[in-house]
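*Asks:* Questions regarding the structure given below will be posed in turn.
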C-alpha cells in the first residue's frame, strides 16, 4: 500500500509543520531536522512532534507559555497541555495506564515542562486533592532541585510521580490519590557544593525566609551570618542570584501546611534544616584531651592527655546538639571517632580534623536524606490511595539529565544517574522500534526494518541483574573488596564480551621508572548513547556501601527529640545489627530506592468488551505484585537481602521497577525530548551544532523514519474497531472485510493503519477519529472538566509570560511573574479548589502566624533535655566516719558560697560534681592558707619580730656623701636624715647657693645651719618662754664622723630668723622641718644601746624614751643664753624662762644617762600638762635620733631564721645526695632461671613505638624460655595516623595471620554499669626477633557486641587488672571467667608453663624501650633480697630534643630518679614505682604466698566506685603511684627499691597542654597518695629518721612549691636591697643544692647534664610555681561519666548510672580443675602439649606434620611465627558452629568437645588386643622420666619410646600415656 502522508499544514511553508514524520523523506536527516527545528524556533514555535507519541521542545530561556502571537498557542506550555489531553483521553476512554517520560540534558527545561504537564492533568480533575498533589510536587522540587551552571532548577533526584485514578464509572477519570517516588537523591551535594552552583534550594529558602525571631532560635542571626560564610551554601554570591528565596520559603511552609503537616512538625523540619547548615560550620582541631577518664590508657605520652579531635566552635556544636536532642559532648565524641568493620572486626578510628570533618559531612548527608525521605513518605501517606482502589495511573518520569562530568566529586552519583538515563533512552527505543514487534509478527503484519543506534549493549552491561556493572559493583562492595579488585572483576566480565564497557589498567608506570606500580587513578569507560564517559574507580566501592557509622546511630538512639527519633526510625534507614546482639546497630545505609513501588496497574471494570485487555492487565498486575512483594516484604529473606544491597543494587532494583512499569503492555507511553538551543543559556539563540548533537544523541531522525513506516499506537480487535466505527450499516462480509471497507473509506496513510489477522493496528490520530474524538477537541479541552478558575493553576487574567528556565523562572522571580508550578495568584498552588478540601486546612488553622517557634522550647531547654540520662540504681552505701568528718570540714571552709551559685554560674547541675568542686576549693583554701602561713613565717614573721628600721648610724650617714660610688647624698638635721640629692635642685632661692655647694653638706650633720627659736618650739614650765632665751647645739658624735658644720658657716646666717635678728620669723624652722619631713625624709639617726652607754661614759646626758633618743648635755651644762633685740646679751629673764625644763626631768636624765627612761618617765611626779609640755620641748629641741635595735637579739633571730630554713632544706638534699652516691663495678648478673611476665599495655600507639617496645622486651638478655610477653590491647581502636587498629598492628608485629580469629570470651572489667562485662580474644605463640624466640600472649579487649564506640576500651588500670586478677585466681585457686580459663590454657598447654611458675611481673609501657640487661638486674635484686616486693629503674627520655618542653624535663627526670628515688630507696620505701618501667614480685619466694596479686591489693586496685575527688585523684590520675601505695600499705614488711643500673627510655609530652595536664596528674596524685601514706605507722624508721617524716616533708614540699619560688624571689629582692651576709649565705646554701647534684652527674660522667641543668633552672618558675597552682585549681577536672550519687533514705547514698546494672552472674566462672576435668572427659589431651615443668613448648611452631595446639574454647590458638610454619586452621578440621563457649550458660561448659579439635580418635575393642597393660606402661613411663632430660622431653616422645620398647603401636593407649605422664610429673603418682 502506498504511504499517503497528510499534506503540509497551511500554506506557510515547511516550518509550519509540527510533525517531523510528516516532513518529506529527503528532510529526515539529522541536519535537515535540525534546520526544521531552527526555522520553527526563530518563529517562536519551540516545539515539534513525533506523531502523537512524543513532543520535542526547545528551551527558549525566556517564556515557556508564549507562542508566536504572544498567546499560549504554539508554546511549549501548549505542547505539554496537548500531550496531557491525549493522555487524559486515553486514560478515560481506554482505561489504560499512561506514562510520560522526560528526556533531555540538564538545562533543557524538563522541570518546567513537567510542571506544565502536571498542572494540565490536575486541571482536568474536579477532586480537591489536585491542589495537594500539585503542592507535593513543589515540595519535592524544593527539596531536590538546585541551581547549576546550566539551569537555575536542576533536578538532582529521579522522579516517578504517579497520579492515581478511578476510571470505573465514567470516561472522566476521578483523581483519588498521588504517589511520589524519589530515586537516588544526590546526597554528595549536601557537603560538596560545586563552584558556581548552589545546594538544594530549601537551605537557601530557610536562610532568607525566616523572621528575625526564628533566625535567633535557629542560630541564623544576620549579625552572625555577616561574619561567616555558610560552607554548605557555596560561595556567598550564590545567596544573591536573582532567586526569591524568602518567597520560596513562605510557599514551602504553606505547602507543608496545606499538606496537613502539623505546625510543630514544620518547625522541627526547619530545625533539622538549620542543623544541617550548622554542621557545615563546624571546625575541628587536634587538641589534647586533658580531661581525665577511667578509660585512659597508654604510656607516658598518653599520661598527660590523649590527642583527640575537638570542635573549635563549641557554640555551633551546642546548637546542633540541641536540635538533635543529644548531649553536646556525646556529639563531639561521635564526630571525633568512627567505628568501622575491618576484616570482620569492629574497630574505632580516632579521626584527625579532616576525618572528623568528613564524619560531620556524613551526618549532614544522613540527616538531610532522611528528612527528604520522611517528608516524601509523609506526603504519600496523606495522598496515596489504597492499591485496590486504584484503577489506572498516569505516571510522570523525570530523571536528572546525562552528565559528561561529575558535578560533585561523586563518581557513584554520576554513574547511577547516567545509568538511569541510559535505561530510559533504551525504553524509548524499545517503545518506538520493538514494542509491538511480536504482536505485528503474530498478526502477520510486516513492517519495513529501520536502522537505529541500539544502546542495548550499554544497558545490558550496566543494568543486567547478576553480572551487570552495577550488580558487580554491589557484589564487590558487599564483600568488602578493594577498588582494584572491583576493576579486575569488571575486566574479567566485560573484556571481549561487551564493547560498551572498557576497564582501565590497574597498573601504571611512573615517570622515569620501568616498573609497573599500582595505578593511583584507575578508570573504566562506558560508551553511553550520549557519548563515552570515564569513571573514576578510586573510592567507588566504599562510596557504594554508603555506610553510616554505628556511632551516629547509637548517639541518635539517646535523642530526646521525638521527631529526630522518627527520622531515624524510618524503614529507609536499613540497619545492620550484630549477629549476637540484635539490639546493637553496627552500621546502616539509607535506601537509594523509593520507600514504595509503582501501584498495581489494575482497572476496576466489568465491561465484557475489554476482556482481553483485562486479562493482559491482570497478568501485568501479578507480575508487579510479585515485584512489589519482593521489595517491600518486611522481616523476610527479601528484606534481609535488600539490607545487604549497596546503593547501586538498590538503585538497580528501583530502576527495574520504573522500566517494567513503563514497558508494561497495559501502559501507553509518551515521551518528551527537551533540547537546549545553545550551551550558553542565551535567549533566542539557536546553535545548530549544539541542537544537531542532541538530535543525533536521541536518535530523533531514526525515530521519525520509523514513524513514517509504522506509527501504530493501538491494536483494536475487529469487533471493537467496528463498534467504534459505527459500521453496523455494513452488513455484508466478514469482520475483516468490513474493517477493510472502513479503512479504505477513511483513506488513512499506510503508516498509521495496518490490518492484521485478528485486529487492526492504528495510530492514536486514527483511533481518535474513529472514536469520534476529533483533534479539535484537544485544543478546546472539550473532554476535560474545566475548573471554576480556568485551568485551576493559573490566575485570572494572568499574563501568559511564563519564564522558561532562566533566572526569572517561577519561584526565581520577585515581581508578578509566575511561581514555579503555578502562578503567584490565588489559583497557583492555592487555587480555587483550596476551600473545597477541608482536610487541607487541618494543619493551617493551628499554624498561626509570626514566629513558628513561639511556643517551642528554647535552645537552652532543648540542650538541657538532651543532657538528661536515663539512670538506674546500681548500688547503695553509707559514707564512712572519716568521709563525714571531711565533708564537715569542707562545708566549714566553703559555707559562704551558696549551692545555687555553683549550680547556675558554675554550670554544675549534678550534686556530686558540685561537692567535688567544694572539696577542690576546700583543699585549695587549705593549700593557700598553708602557703600564706609559710610565707608569713618566712617573710612577715621576722618583720614582726624585728620591724624594719629606717635608721642610719653616724658612720652609715657619712657613707652617703654624694661622691662617686656612694649610694646617695644624705644630710641630717636634729636627728632626721633627708635626701639632699633630691632636695638640692629645689633649694630656694635657686641662685643664692649653687647645687654643688649644697651637696658639699652630704654625709654631715647640718643642724648648726638651722638655729631654732626656743620660745616657738617649747612652752617651758610656765607655759611660755621669753623669746630672748637661746640654747646651743653640739653634735653627739664623739668620733667626729660626720663632721658637725660650724655655726660660723657662711650659709648659717641665711637660716637665722631668731628673735634678735632684723628678720624675725619665729615659726620658720618648724615650717621648714615639716616640709623636709614630708618630702625628703629618708630616716633617722640611729643610736644603738651600746653606743648610748659609750656617750654616757663620755659625760653626755643622753636618754631614750619610747625608742626616741634625747640629748640634754648642752642644757645640763648651762648652754643657754639670752639675747635681746639688738643682739646683745641681756639679763633679767625670768627663771622659769631661762631654766625652762622641769628640774625633775633634768634630774631623771642625769641619773639615767645612756639608758631607757620610758618606765621612769611614766612615774614622774608631774602633771599631764607638764609632761606634755616637757615632751614637746624634748621632741623639738633635744631629739637627736632613734634607738637602733638592728643588732638586738630578736633581730638577729629573725635574720637567721631564713638561714635556718635553708639549712634544713639543704640537709634533706644532702641526705639525698649521699643516698645517690652509689658506686661500684658494673657487673653483668649471672643467668637466672626465674620465670617472668613482661606486660605491655597498648592503646593507640603507632607501629614504630609498639615494635620498639615489644622488640626491646623480647631482646632482653634473659632466658627466652623463661620470659613471657603479655600484650594487652585496650580496645579496638585505630589511633590517629595509623592505618590499622592497635591490636592488628600488635598481631602483625608478632606474626599472627589475619585468618586466625579466636572467638571473644567474657571477663570482668573496670567500668560503669554494664561496662563491667567485657569480652576479649586470646592469641599465643612464639615471636622470633634477632635470634630470640620468645613466647607471647596477646589479650585483645574487643568489648561486647553492644559496644559501638571504642569497643573494649576500659583504660590502663583495667589492662593491668586483666593479668592481676588472672594471677590472683590462679594462686588462690578461684573460679575463673572464660577469658581467664583460655589464658590459663594458652599459657599452660600451648606455651607450656604452669602460670603459677611465674614469680615476677615486669611492667613497661608501649612507648618505652628497655635496656637489654634491665630485667636481669631487677631479678638479681629480688634474689639478693627476699623482702623486696617491687623495684623500678631509671627512666630517661627518647625525645629529649624534640621541643623546649621536653628539654626542661630531661634533668628533672634524671634528678628525680637519682636523688628522690635513691633517697627513698635507703628506707626501702620508694613511694612511686612508675608503670612504664617497674617489676613486681608476684609471690613470695619461700612460701609461695601471693604478694603483688594478693587478695587485698587486687580488691583495692579493682575499685569501680570512683565517685569522690579523692578516689578519682588516686585511681584516675596516678594509678601507678596508687598501686605502690597499696603495696606499702598491705605488705609493710616488704620493701620497694630503685635500681639505678636498670635503664629504660620513654616519650615525654612535647606540648604545653599535654605537659601541664601530665604534671597536673602527677602533682595531684602525689598529694592524695601521700595523704594515704602519712597515717601508716608501719613506715620504717624512728622520729625524723623515719620514712613517715620524709613522706610528710614530701607532701609539705609539694603543697608549698609556690612558696618555694616566692622564697627564692624574696631572697633575690633581699640581696638587691641589702647585700649583707645572711641572704647571701642562704643563696650559697641553695647553690650548694645544685652543686651537690652536679657532683653526682660529674662523678657518673654525665657531662651533658650540665646543659640540661641550666635549662631546668630557667624553668624553675614553671615547675615550682605555675604547675602547682594550675594543678591544685584543676584538681576536679575529670570526665565524671554518667554514674552519680543521689541521696537515699536514712543517710544512705544510692549510685545510679545510665550504663545499666551489671549482673555478675552474666559471666560464668569455673575453677581450672573443674574445667579441665570436663575437657578430659570429653577428649584426650593433644599429643604436642608439653609438661609444664619443661617450661617451653614448640607445639605452636607448626612444623610440618605437627598439629598446631588449639584452644579448648573452640578458637584456634595462634600458630607460631617461625618461617615455614603453617596456620592451625589448615591443620584442623573446621569447628562446628555449636562449639561450647564459656559465655554460654554454665551447664554448657565443656560440652561438645569430643571430636571438635581433631585430637582424639575412637577405637573399637579389637584395636586393644595385644597391647601392654596400664601397669606395664606406667612402670616404663616412670623409668623413661627418671633418665630423660625434663627440659626436652615431650609426651609424643614418651609415646614413641614406649612403642619402640613394646614393639606395638600405642595409638589406642595415647590418652592413658598422656594422663599418666601428667600425673607423674605433677607428683600425683
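For all residues, glycine too, the Cβ spot is worked out from N, Cα and C.
Swiss-Prot lists 1-23, 593-612, 620-640 with the feature region 'Disordered'. Swiss-Prot lists 1-778 with the feature domain 'Myosin motor', giving sequence analysis as the kind of evidence. The ATP binding site annotation in Swiss-Prot covers 104, 105, 106, 107, 108, 109, 110, 111. Taken from Swiss-Prot, the feature N-linked glycosylation site applies to 123, 417, 426, 557, 630, 657, 1037, 1062, 1165, 1458, 1564, 1778, supported by sequence analysis. Residues annotated as region 'Actin-binding' in Swiss-Prot, with sequence analysis given as evidence: 655-679. Annotation comment: Swiss-Prot describes 886-906, 925-945, 1201-1221, 1596-1616, 1622-1642, 1649-1669 as transmembrane segment, evidence class sequence analysis. If you look up Swiss-Prot, you'll see 949-1010 marked as domain 'Cytochrome b5 heme-binding'.
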*Asks:* For the region 'Actin-binding' (655-679), DSSP counts of helix, strand and coil?
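*Replies:* Summed over the region 'Actin-binding' (655-679), the classes give 9 helix, 9 strand, 7 coil.
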*Asks:* Which residue among the recorded positions 106, 123 has the fewest other Cβ atoms within 10 Å of its Cβ, if you could check?
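*Replies:* Taking 106, 123 as the recorded positions, the minimal 10 Å Cβ count falls on 106.
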*Asks:* Compare the C-alpha of residue 105 (ATP binding site) with the C-alpha of each of the glycosylation sites 426, 557, 1165, 1458, 1564, and give the closest one.
*Replies:* 426
*Asks:* Against which stretches of its own chain does the transmembrane segment (925-945) lie, if we need a Cβ under 8 Å and a gap of at least six residues from its ends?
*Replies:* 893-894, 1194-1195, 1197-1199, 1201-1202, 1205, 1596, 1599-1600, 1602-1603, 1606-1607, 1610, 1672
*Asks:* Looking only at the domain 'Cytochrome b5 heme-binding' (949-1010), what are its DSSP counts of helix, strand and coil residues?
*Replies:* 21 helix, 13 strand, 28 coil
*Asks:* Applying a 10 Å Cβ distance cut-off over all chains shown, what neighbour count does residue 1458 (N-linked glycosylation site) have?
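*Replies:* Taking all protein chains shown, residue 1458 (N-linked glycosylation site) has 25 Cβ neighbours within 10 Å.
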*Asks:* Using a Cβ cut-off under 8 Å, which residues of the same chain at least 6 positions beyond either end of the region 'Actin-binding' (655-679) come close to it?
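*Replies:* Sequence-remote neighbours of the region 'Actin-binding' (655-679) are 37, 41, 50, 53-61, 80, 83, 86-87, 90, 94, 96-105, 107-110, 113, 117, 150, 158, 160, 183, 395, 397, 419-420, 423-424, 427-428, 430-431, 435, 463, 465, 593, 597-598, 601, 613, 616-617, 620, 623-624, 627, 631, 685-687, 690-691, 694-695, 698, 700, 713.
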*Asks:* Return only the integer: C-alpha distance in Å from residue 111 (ATP binding site) to residue 1165 (N-linked glycosylation site).
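*Replies:* Cα-Cα, rounded: 121 Å.
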*Asks:* So of all those recorded positions, 104, 109, 657, 1564, which one's Cα sits nearest to residue 417 (N-linked glycosylation site)?
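*Replies:* That would be 104, the closest of 104, 109, 657, 1564 to residue 417 (N-linked glycosylation site).
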*Asks:* Could you check the recorded positions 111, 417, 426, 557, 1564 and say which one's CB has the fewest neighbouring CB atoms inside 10 Å?
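*Replies:* 557, out of the recorded positions 111, 417, 426, 557, 1564, has the fewest neighbouring Cβ atoms within 10 Å.
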*Asks:* Residue 108 (ATP binding site) has how many other Cβ neighbours within 10 Å of its own Cβ?
*Replies:* 25
*Asks:* Within 10 Å of each Cβ, count the other Cβ atoms and name the one among the glycosylation sites 657, 1062, 1165 with the highest count.
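*Replies:* Buried the deepest by this measure is 657.
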*Asks:* Counting other CB atoms within 10 A of each CB, which of the binding-site residues 104, 107, 109 comes out lowest?
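*Replies:* Result for the binding-site residues 104, 107, 109: minimum number of other Cβ atoms within 10 Å at 107.
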*Asks:* Between the Cα atoms of residue 1062 (N-linked glycosylation site) and residue 107 (ATP binding site), find the distance and write it as a whole number of Å.
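*Replies:* Residue 107 (ATP binding site) has its Cα 116 Å from the Cα of residue 1062 (N-linked glycosylation site).
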*Asks:* Of the recorded positions 108, 123, 557, 657, which sits closest to residue 1165 (N-linked glycosylation site) by Cα distance?
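*Replies:* Sorting the recorded positions by distance from residue 1165 (N-linked glycosylation site), the top entry is 557.
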*Asks:* Counting across all protein chains shown, how many other Cβ atoms sit within 10 Å of the Cβ of residue 110 (ATP binding site)?
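*Replies:* A count of 28.
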*Asks:* Between C-alpha atoms, which of these binding-site residues comes nearest to residue 1564 (N-linked glycosylation site): 106, 109, 110?
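*Replies:* That would be 106, nearest by Cα distance.
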*Asks:* What's the CA to CA span in angstrom from residue 104 (ATP binding site) over to residue 426 (N-linked glycosylation site)?
*Replies:* 14
*Asks:* What average pLDDT is reported by the model for the domain 'Cytochrome b5 heme-binding' (949-1010)?
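*Replies:* Averaging the confidence scores along the domain 'Cytochrome b5 heme-binding' (949-1010) gives 86.
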